[in-house]
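Among the features that TrEMBL reports, Na(+) binding site is placed at Gly75, Val78, Asn82, Asn340, Leu469, Ser473. Taken from TrEMBL, the feature region 'Disordered' applies to 680-727. The transmembrane segment feature in TrEMBL is assigned to 69-87, 99-120, 141-169, 225-246, 258-278, 301-322, 334-355, 457-483, 495-514, 526-547, 567-593, 613-638.
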Amino acid sequence: MPKNSKVTQREHSSEHVTESVADLLAHEEPVDYKRSVLNVTGEAWDKQKDVEEDLDSEKRPAWNSKLQYILAQIGYSVGLGNVWRFPYLCQKNGGGAYLVPYLVLLIIIGLPLFFLELAVGQRIRRGSIGVWNYICPRLGGIGYASCLVCFFVGLYYNVIIGWSIFYFFKSFQYPLPWSECPIIKNGTMAGVEAECEKSSATTYFWYREALEISNSISESGGLNWKMTLCLLMAWSVVGLAVIKGIQSSGKVMYFSSLFPYVVLLCFLVRGLLLRGAIDGILHMFTPKLDKMLDPQVWREAATQVFFALGLGFGGVIAFSSYNKQDNNCHFDATLVSFINFFTSVLATLVVFAVLGFKANIMNEKCVVENTEKILGYLNTHVLSHDLIPPHVNFSHLTAKDYSEMYQVIMTVKEDHFKELGLDPCLLEDELNKSVQGTGLAFIAFTEAMTHFPASPFWSVMFFLMLINLGLGSMIGTMAGITTPIIDTFKVRKEVFTVVCCIVAFLIGLIFVQHSGNYFVTMFDDYSATLPLTVVVILENIAVAWIYGTKKFMQELTEMLGFRPYIFYFYAWKYISPLCMAVLMTASIIQLGVNPPSYSAWIREEAAEKFLYYPAWAMAILICLIILATLPLPVVFILRQFHLVSDGSNALSVTYKKGRMMKDISNLEDNDETRFILSKVPSETPSPMPTHRSYLGPGNASPMEMSSAPNGRYGSGYHLASTPESEL
């Protein structure tokens, strides 16, 4: 991205080029970026040779089509969080009332920052490391921090894909293996597994058969070989999708991005036909307006917006860096942001339709169990038959009849009612049971599907959808790692991708221990939230306050062909940084007020229990946060005190085909003459000086600018090619 106004000068082969840089600034002409290649050899220009060289130099891959790119961005931003995190937050924070703060924050935070990342990636055509090195070298640690966070997230995110693969293969049998509790035989005696009887068949299968989970994070228990194989398969699929670059992964996106919508629509139609589905949807859209005044609701909505769009990970920048310079990234940002929102709403409709059906099933089960208790009390004369309303028919007892009978018994037997152990069996109570994350997908949904006709088919479709959602996000996450590293260090894509996947798989073995689920929870809660918030705040500051919002808006105007709305100017300059600072402060306060804890499954009790992390786990947790943010101060210090090369004042001159382009970074408009010796901004340079010397970056003595007989500059220039080489 040029750091100042575009300045070029047409060279005439018969004239000596002796103008100073300041003189060149007075003659503006559009820059041909593709042909802006430094020529210091003095060779005559050959058109055919130039075309061949241009083709060789333009080696950066590009999307095969705009549709492929849009699907890739949608596949990256629409992930597992849309299916299980958003519905849970909607249920927890006021139903339909939660949609209001979410939509407001999507517009004032999500859309501007998403547009910003798309724009800088497309303009500079580099990964996150190259982009932020180029915009503000002292904040170049942003790119490295993004890569580390992507790596941490990829480690555990692929484990979730592995879980989905395990359930996918287990779905090819009837009845589904989690539909009934296992029968334990002890000699001639047979009985239901106690842990399963205390919980449920789907809960037992998840914790005991799939995870083989231990009672706490301190009990490793060794590797779960089934999940180890599934994790290996997940990394193999991701590696194969990424290794060929966007030409390969882009084609994968046609399926991985569109298939989940097919499944969601099928589930929605099937769900609406289920008994009780309308109860669930009405429960979702019944707004609890008092929740909108709760600051916690706004904080959670902002966090969900932040992660839903994948801000700060580098994947958005990586994907957009393969676009053409004139691509309308504003349209892309708006389209992807609102598709993401509508996908979350669609997934929530599906989830609540299924949960409404499940709630009715569980409520009927509750009514049957408690009716049997009442019949027992009637037969033993603990309760009198006079307490039963005359219209109640025990052979066809409805939930309404049971509720009426329950109220009568509770009123008459007020003093001894608790001893009876009767439950109210209210549908609202079942609907209010908050299920989030893995519990929603692998417990609540699987239990509901056991009651579906042709349940294996729906189970296969559901877990194939989860695999595709996870795969789309993982491809973007891996792009956030591979693209900046390959752009910066020029390593071979194939070799680096294979090495990265192998290392990630080996480290990821901690997630497939018997205690692995607890490490997934730790990484999910703490490895990304705070570091990514810091990263996005610094991204915003680097563009809006250091590079300059006016300059950025001007370059967007040149790139897009129209001026973006003034709303973005104020959003980037004031609104987004302020909102993100409030979000970061709230996250730190919450971390301090609520000590880190996790939900452990206690086998003997067959129930979840919240435990605090032990000291060694707290040390790992703190190290994750520090390690993810460490590149930010390290790079700043190294470049602030000139311990490594700082390209903040790099003057790069490119020259070919009679065109010259200057690039002066970190200068305000009309301040370019600071680079000219013995000049002040008010002086007017001589039109054709015979000699002019200037100070280049990192040079103790002036570099002489001399004319050559053929009109080309001599080799006395300080050369700079790519943004990374300047640093």
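Cβ coordinates are placed from backbone N, Cα and C, and glycine is handled just like the others.
If you look at the transmembrane segment (225-246), the same-chain residues 6 or more away from its ends with a CB under 8 A from one of its CBs are 61-63, 72, 158-159, 161-163, 165-166, 210-211, 252, 319, 322, 471, 474-475, 478-479, 482, 493-494, 497-498, 501, 504-505, 508-509, 511-512, 516. Of the recorded ranges 141-169, 457-483, 495-514, 567-593, 613-638, the transmembrane segment (526-547) has the largest number of C-beta contacts under 8 angstroms with 567-593.
The stretches the transmembrane segment (334-355) and the transmembrane segment (301-322) are in mutual contact, each linked to the other by at least three Cβ pairs under 8 Å (pairs 6 or more apart in sequence).
Excluding Gly75, Val78, Asn82, Asn340, Leu469, Ser473, which define the Na(+) site, the same chain contributes Ile74, Tyr76, Ser77, Gly79, Leu80, Gly81, Ser257, Pro260, Thr343, Gly472 within 8 Å (Cβ to the Cβ centroid), listed in sequence order. By the count of Cβ pairs under 8 Å, the stretch nearest in packing to the transmembrane segment (99-120) among 69-87, 258-278, 301-322, 457-483, 613-638 is 301-322. Between the transmembrane segment (69-87) and the transmembrane segment (495-514) there are fewer than 3 Cβ pairs closer than 8 Å, counting only pairs 6 or more residues apart in sequence, which means the two stretches are not in contact.
Proximity of distant same-chain residues to the transmembrane segment (141-169), defined by a Cβ-Cβ separation under 8 Å and at least 6 residues beyond the stretch ends, is recorded for 80, 127-133, 210, 226-227, 230-231, 233-235, 237-238, 312-315, 438, 441-442, 446, 459-460, 463-464, 466-467, 470-471, 473-474, 477-478, 480-481, 484-485, 488, 504, 507-508, 511-512, 516, 519-520, 523-524, 527-528, 531-532, 534-535, 538-539, 542, 624, 627-636.
Scored on C-beta pairs under 8 angstroms, the neighbour of the transmembrane segment (301-322) with the top count among 258-278, 457-483, 495-514, 567-593 is 457-483.
Each of the binding-site residues Asn82, Ser473 was scored by the number of other CB atoms within 10 Å of its CB, and the largest score is that of Ser473. Counting only residues at least six positions away in the same chain, the Cβ atoms of Val78, Gly79, Leu80, Asn82, Val83, Ser256, Pro260 sit under 8 Å from the Cβ of Leu469 (Na(+) binding site).
Highlighted: of the candidate stretches 258-278, 495-514, 613-638, 258-278 has the greatest count of Cβ pairs under 8 Å to the transmembrane segment (457-483).
Counting residues 6+ beyond its ends, the transmembrane segment (495-514) has Cβ neighbours under 8 Å at 151, 154-156, 158-159, 162, 211-214, 219-224, 227-228, 231-232, 235-236, 238-239, 242-243, 478, 481-482, 485-486, 520 in the same chain. Within the same chain, the residues at least 6 positions away from Gly75 (Na(+) binding site) whose Cβ sits under 8 Å from its Cβ are Met253, Ser256, Ser257, Leu471, Gly472, Ser473, Ile475, Gly476, listed in sequence order.
Counting only residues at least six positions away in the same chain, the Cβ atoms of Ile74, Ser77, Val78, Asn82, Ala308, Leu309 sit under 8 Å from the Cβ of Asn340 (Na(+) binding site).
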